[in-house]
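Okay, so here's the structure we're looking at.
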């Protein structure tokens, strides 16, 4: 476009697209509508990828996990007000889990919104977003688009990663500027996530504590997986001989079948250890805040490696805090521990005996006949376990209560950043969004193991998966209920609040053009899984399991408050 003086012009749409591209963003996930529909169209016209979802929350979850896998911000695009609010849930999820993400939302006109005159989808979105992310920006001028996007990228990935909100008022897109000036304004931040080198005395203190430990363990969190310094972490573990425990999304950072893995005896390892080395893991509710019977009677000493200084001492005193990026910290710690004796053989031997015993028990459960003759979690997930061991490049998405807990315990992972689950909040609804992003980012097949209740939060995105013909196989653990499917009704004519229809989810997939299967036995599940993944097409396996399978609230039943007085 040119003006009367023959100066070539560009507009807000094009400058925003150019700014995103300059910052290596080539994919967006979102839901189109006023005022951003044409932005999505023009993004596609420019040759970039746009995955159009049925609900903004799931588009946001896709962006969040894309950020985790790739180590750069995943980008979600939404409409204003209600659509923006749907996206904020996933923005908060990204921030809580330390995933780099940028939420871009169109918004109504500032001069009307600020006077609360009732504009279309009126909302002060920038300030609504602020408590739920690392930073919240609004771009009012076309000239500020390049610096606004660059700041969002740097903020999302620097230090502890997280979500960033960028507000895009509708009038911004129609503003114009000369192409020459726009090109001068475009830039990419230099070294947006610089190494943060830990202090020498912090490394020395941590090394001394580890050298003097009698029963050390290493706890690997998803922060360690995000750091993508897999070889350094593996070398630290193997050079020290210290047993390790992976949190859910750290499974596969070292293979779950590694001889130093103590995952099969986690409770014993935590209760008996005297020093715990936390690498990219937080002492939050997932680790019982470092206290209680989980951690035994003996006072523990902690080494904690984290890029955020105020994470230290958040629940327990940290004897050796190491503030810095994980790659730098682990590298320096290896040097400080060079030549030190390996972990005590009596301690590692005791753990190995426990691991071997527990693995034998689990193997028996995976092959045992059930009293009802129906599948349960053990024998059905045993099929998934064997398949994943033979196909370690597949991404495994997992959510639910019992479906989450049992899959994490039973299905071994051999490669990093392949297990994608509910994360720090234990949130339901991440499933189908994660599937879309994992397939888009890796270009490889994805398997999702879903509780039937959890699947309900994002099930309509089956249409999205089919529309883009993604190689996703969804397995629904169908016991017909939240937790269980056989809770008695409280009274005649009143359906239990935990009951679900034991439905034909396979037919949902077929309604959108995918392939559906019903599996009633492990053999049927195995055959369906092999055929589905080999097809490279969208597939869903309706795995019918015993309604009595499962326990209320999975392994966190203690968090479910019960009445002290009972029924009146």
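Cβ coordinates come from backbone N, Cα and C, glycine included.
Here is what Swiss-Prot records for this protein:
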type	residues	note
BINDING	34, 120, 263, 264, 265, 266, 267, 358, 408, 409, 553, 554, 555	substrate binding site
BINDING	160, 222, 282, 306, 326	ADP binding site
BINDING	377, 401, 402, 403, 426, 427, 428, 453, 454, 483	thiamine diphosphate binding site
BINDING	452, 479, 481	Mg(2+) binding site
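Annotated pair residue 553 (substrate binding site) and residue 402 (thiamine diphosphate binding site), C-alpha to C-alpha distance, rounded: 7 Å. Counting only the Cα atoms, the space from residue 377 (thiamine diphosphate binding site) to residue 479 (Mg(2+) binding site) is about 10 angstrom. In this view, the densest Cβ surroundings among the binding-site residues 34, 267, 428, 454 belong to 454, judged by other Cβ atoms lying within 10 Å. Around residue 479 (Mg(2+) binding site), the same-chain residues six or more apart in sequence whose CB sits under 8 Å from its CB are 452, 485, 502, 545, 546, 547, 548, 549, 550, listed in sequence order.
Residue 426 (thiamine diphosphate binding site) sits 19 Å from residue 263 (substrate binding site), taking the Cα positions as reference. In three-state terms derived from DSSP, residue 452 (Mg(2+) binding site) belongs to a helical segment.
Every protein chain considered, the tally of other Cβ atoms within 10 Å of the Cβ of residue 377 (thiamine diphosphate binding site) stands at 24. In this structure, the CA atom of residue 555 (substrate binding site) is 8 Å away from the CA atom of residue 402 (thiamine diphosphate binding site). Note: the ADP site is recorded as 160, 222, 282, 306, 326; in the same chain, 98, 221, 223, 224, 226, 280, 281, 305, 307, 308, 311 also have Cβ atoms within 8 Å of that site's Cβ centroid. Here the C-alpha separation of residue 402 (thiamine diphosphate binding site) and residue 326 (ADP binding site) works out to 32 Å.
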